[in-house]
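Written out below as structure tokens is the structure these notes cover.
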Amino acid sequence: MKNKQELLEKTRLFVLDMDGTFYLGGRILSGSLDFLEQVERLGKQYLFFTNNSSDSADNYIQKLAKMGCSITRDQIMTSGDVTAAYLLKHHPGEKVYLLGTPALEKNFQEYGIPLVKDEADIVVVGFDKTLDYDKLTRACTLIRNGALFLSTHLDINCPTENGFIPDCGAICAAIELSTGVSPHYLGKPFKETVDMILERTKVPKEYISFVGDRIYTDVKTGVNNGANGILVLSGETQLADIEKSDVKPDAVFGGLYEMAEMLRDYK
């Protein structure tokens, strides 16, 4: 692991996970606002990035505002944004069947993605909290008939105040088991996410730290793509999980509160 103080001092851009890192369900976690204040005081930047594609960036902005955190649209990115940008770049004009919430549908429509129910070229699976058996069956049928299988993110479970609930990766596992086809995952920890952040912020990746509560998404994004990966123990991952993981974080903190305390010592 890297020296924690030196890593925080070196970092110019903190890419923050949301659920399990900044808040948990509807409750903001201790030290979250203090951390942002210290980042701003030192002239550093932060960007929220959530793999949770069940909601829109605008709704996340409203949720953060209720917690006392006011941000603009250019300070937040979702796996839905990365997926839409990927479709526009690599599959322009191709018809998409989206297994997702109304919020994700609206997000795709704002990007100009053509959404259809039948004869789709591509099936995109998101974290669909409105999932039903008919939608699941339609997605499987289209994929068996040759449609490309994409997914906004690979997270298996989503942390809530009442425990974990099945996330996008769990939905994709059911489709993969039925069809025998594996999805192309986007979002964290994949290169497409880092590329979009680099394009938007212009910060060299060695000065970027991805901060989150999951080793296999948040930390892995930084470690595997030439940036830095910081693990916080405020969500899914426990300290014992680090030893079992092939991916090792560059630094480990109890939560954003501890990072804020360390940043407060810097002038």
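Cβ coordinates are placed from backbone N, Cα and C, and glycine is handled just like the others.
Those TrEMBL annotations? Automatic predictions, nothing curated.
Among the features that TrEMBL reports, Mg(2+) binding site is placed at D17, D19, D213. The active site, nucleophile annotation in TrEMBL covers D17. Per TrEMBL, the feature active site, proton donor maps to D19. Per TrEMBL, substrate binding site is recorded for K188.
Sequence-distant neighbours of D17 (Mg(2+) binding site) (same chain, 6+ apart, CB under 8 A from its CB) are F49, T50, N51, F210, V211, G212, D213, R214, T217, D218, G235.
Here the C-alpha separation of the residue listed as 'substrate binding site' and D19 (Mg(2+) binding site) works out to 14 Å. Same-chain residues at least 6 positions away in sequence with a Cβ under 8 Å from that of D19 (Mg(2+) binding site) are, in sequence order, G25, T50, N52, C158, P159, G235. Neighbour density for D213 (Mg(2+) binding site): within 10 A of its CB lie 25 other CB atoms from the protein chains shown. Its Cβ taken as reference, K188 (substrate binding site) is surrounded by 29 other Cβ atoms within 10 Å in the chains shown.
Taking the centre of the Cβ atoms of D17, D19, D213 as the Mg(2+) site, the nearby residues of that chain (Cβ within 8 Å, site residues left out) are M18, G20, T21, F22, T50, P159, G212, R214, D218, V232, S234, G235, E236.
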